[in-house]
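Annotated features in Swiss-Prot:
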BINDING   Q103, Y283, L284, A285, D286, Q287  ATP binding site
ACT_SITE  H308  active site, tele-AMP-histidine intermediate
Amino acid sequence: MKRMIALDGAQGEGGGQILRSALSLSMITGQPFTITDIRAGRAKPGLLRQHLTAVKAATEICRATVEGAELRAQRLIFRPGTVRGGDYRFAIGSAGSSTLVLQTVLPALWFADGPSRVEVSGGTDNPSAPPADFIRRVLEPLLAKMGIHQQTTLLRHGFYPAGGGVVATEVSPVALFNTLQLGERGNIVQMRGEVLLAGVPRHVAEREIATLAGSFSLHEQNIHNLPRDQGPGNTVSLEVESENITERFFVVGEKRISAEVVAAQLVKEVKRYLASPAAVGEYLADQLVLPMALAGAGEFTVAHPSCHLLTNIAVVERFLPVRFSLVEADGVTRVSIE
């Protein structure tokens, strides 16, 4: 019997990423874990619907036995079984992030006995989680270089607080992991601005695009009007395509915040990324830790290691026989496997 790994959910950033990473790694390695003080660092601690859906999805995919899978629970015991490929559907029942549920189970399905399709309904445009286009256009091309083949499709948008969105991913077992080397971003090739609208006046999008164009030379400016019943909602995105990597940044519009202020938040975030020679943005760095650890080698550069990144590394090192090295030099932090 494999040893039980004990995790403190209050460590580091104290959010849901500790639980999501633990579920992924437990399914992959077969190691059971117990976690206490789940999401202790959040205003509403414990399992919310999104986290509970991730637990239930993991349980179904590997036939796990679990204790504490209840709303607002702050302690969970998870004993994994064998990961099985198949056609899975999960509903969050709120505007909780569909992509974060996918993020939890897809790594385990890289090791399944056959191809899989996972469909999750819930929120797709959430201010605290990556939208599906980030997964499609930024993360999945990098995963493909690592030998990981998955394809995400956004079937329906779902904005906060209504939800109702649907995202699906098709994924195949990995035959061989390749290492990823992302030391330099390279020169910028082009930048693309994009606005999504659902049940929001078009002039909002036009003002947001104008704000982006006032700070950057945009190769493309796209406004997409979604069906009114998918809203109300508004998301502004800016994609930076460089020689070695494509990064994508976004801000979700909010009531009583002007279009100019929303777009200015995005401008600030992109300028912060471009001010450093680092290849990888803050959020993408979190996403690369697990596949890089599974490959057993690789590196990337990031401007500053976030608390999220450090916490994720700490969890990965509890489950896998790897050690990460973080070295600061020349205005970046180089993250690699020792």
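Easy rule for this one: first residue shown is 1, then count along the chain.
Using N, Cα and C of the backbone, Cβ positions are placed for all residues, glycine too.
The candidate set comprises the binding-site residues Q103, Q287. Of these, Q103 has the most other Cβ atoms within 10 Å. Take the mean position of the Cβ atoms of Q103, Y283, L284, A285, D286, Q287, the recorded ATP site; other residues of that chain with a Cβ within 8 Å of it are P130, L139, E282, L288, V289. Less than 8 angstroms from the CB of H308 (active site, tele-AMP-histidine intermediate) sit G12, E13, G15, Q17, E282, D286, each of them six or more residues away in the same chain. Around Y283 (ATP binding site), taking its Cβ as the centre, 19 other Cβ atoms fall within 10 Å, counting all chains.
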